[in-house]
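These features come from TrEMBL:
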type	residues	note
TRANSMEM	18-41	transmembrane segment
TRANSMEM	61-81	transmembrane segment
TRANSMEM	102-124	transmembrane segment
TRANSMEM	148-170	transmembrane segment
TRANSMEM	297-315	transmembrane segment
DOMAIN	400-534	domain 'Fungal lipase-type'
Amino acid sequence: MPGIVVFRRRWSVGSDDLVLPAVFLFLLHTTWFVILSVVLFGLVYNPNETCSLNLVDHGRGYLGILLSCMIAEVAIIWLSMRGSILYTEPRDSMQYVLYVRLAILVIEFVYAIVGIVWLTQYYASCNDIMAKSVTLGTCLERMVVCNWVVILSVCITVLCVFDPTGRTFVKLRATKRRQRNLRTYNLRHRLEEGQASSWTRRLKVFLCCTRTKDSQSDAYSEIAYLFAEFFRDLDIVPSDIIAGLVLLRQRQRAKRNAVLDEANNDILAFLSGMPVTRNTKYLDLKNAQEMQRYKEVCYYMLFALAAYGWPIYLMRKPTCGLCRLARSCSCCCLCPSRPRYAPGVTIEEDNCCGCNAIAIRRHFLDENMTSVDIVYTSCHDAVYETPFYVAVDHDKKKVVISIRGTLSPKDALTDLTGDAERLPVEGHHGTWLGHKGMVLSAEYIKKKLEQEMVLSQAFGRDLGRGTKHYGLIVVGHSLGAGTAAILSFLLRPQYPSLKCFAYSPPGGLLSEDAMEYSKEFVTAVVLGKDLVPRQVQKIGLSQLEGFRRQLLDVLQRSNKPKWRIIVGATKCIPKSELPEESEENSVTSNRLWTHPSDLTIALSASTPLYPPGRIIHVVHNHPAEQCCCCEQEDPTYFAIWGDNKAFNEVIISPAMLHEHLPYVVMEGLNKVTQ
């Protein structure tokens, strides 16, 4: 639901989010109630000892507190399970129950302090063995500790759900009801400024360990503005988004099934959520030339994967990989005289042990690619400055530039700086536009290559083997894929035969004319339902507008409580527990709905951007889902030629993030030929 209002302030939690916390506290307090009842009334104490009498009195008082807690928590559970996500009228009294529960918490706090005082005062001097050993020494001590843990947890939760703009939000909503236009405008302006400042602070906390540069500060501002605009007038909480994603997935499935059930229909099936018709073009892997091209795509994915250095290397090979790296790595402070790199290799800003450069080298040795020489490795990582390496592949007679994808918070800032920026291509005066963060990253890499004369070193690596006449390949995954595609634009005037392989590139990368031109030299790969290539054609705010509209629409139509929607998304819950499309009916106007936002609000306009090059879409079928106790049938993988403009919808699925991982992309490519 929209954020609950308590103490005349909006909080970033809904009244229907309190089911699980209240159930946990109820079970905890019930357990302690039973234990304390047994201890107080089932044991015999010495009536002549002051400590025993005080203990019984204190215990009875605490039983009353526990009983009050249990009653309040039952009320919270009952209220929180009523209504639906946006139908909040049955939960209107929740704030008053929370006031009562907060008063009980204050009493608990006082009793916890009193409990500590009594423990220190009576434990040493108490002569009643039963009271001392069982009650004071064990039960009361653990109960006091448990109380302090609960109180600390509540304080941390309050800090997490605190909304700095909560009071302004409540005032704005009240002013809207009274139709005070000038007052509403001023409050809206203050709310937008407060939300932007709040997002800026969150980003700075997220990147608290990094040094702030001017470019990074600009990125903070742009991204904070992006999120502030998206959540402007949007009164929902994080759990609403989770429930909305579950409902969207349900709706998308229902629509696909409805399409397949239609009699006159050209769609034969859906593979990874994409419609397959008679006009769908599969890669003809029986054709030798097509098969050779596909093998080339699989081969250069190894270069893109290696750019991630030691984190992905260890993720792929957690046991033997660690041993191999440990044998090769030597920290400069321990073994300064031991050579770690081959002669003629330039390493920039690697860590003390040189783990990234060594992991890149080990990656090729493990694949038996001994003919690959690493010429240059830059581990420098900053906003708009992406790590990369340059290698010479003597077997394929190619020089390869491989650019790392997103692996750090600074990379995430580069990803999110998504305004349209003109491509600085020499001799072109058209309207080629690209993702700003990746355009700046590509310019940085081009400048680095020129300043360090890296490509000259690579092409002159071994003139006796003809390196001067080798071709140039640019590869990357994710952020690296987008940067690689744009870098190819910048280098192509000097290297007309250049090829680029972009794996899982971002959807909002190039304007339409630049995208069409890139098909001459860029081959892109998308795996399944990967989220990143579906960011959806329009980078920036209008890209998010369609998603926001769909999210709000399914939340409005749902008449199920949030807990049931989220629990119903688990694999082992019967399908009948999921909300059906027929049940998502708009309620009649006599019900009070808390509308989070006006669906007609349009976010700022932006330029349509698309994924680059010719797209190979690796898709798979969807075997029937089994119960969590049963073994799932393996899907069959296919490779089809994708349409750059067809990736216009985010397909909600647990696989939408998993299928973006670089080693999963490599596995998917290999499964096509198995």
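From the backbone N, Cα and C atoms, a Cβ is placed for every residue, glycine too.
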Same-chain residues near the transmembrane segment (297-315), Cβ under 8 Å, at least 6 residues beyond its ends: 321-322, 325, 355-360, 362-364, 367, 369, 379, 387-389, 391, 396, 400, 402-405, 407, 473, 475-477, 480-481, 501, 503, 523, 525, 616, 662-663, 665-666, 669-670, 673
For the domain 'Fungal lipase-type' (400-534), the mean pLDDT of the predicted model: 90
Counts by DSSP class (helix H/G/I, strand E/B, coil) across the domain 'Fungal lipase-type' (400-534): 59 helix, 29 strand, 47 coil
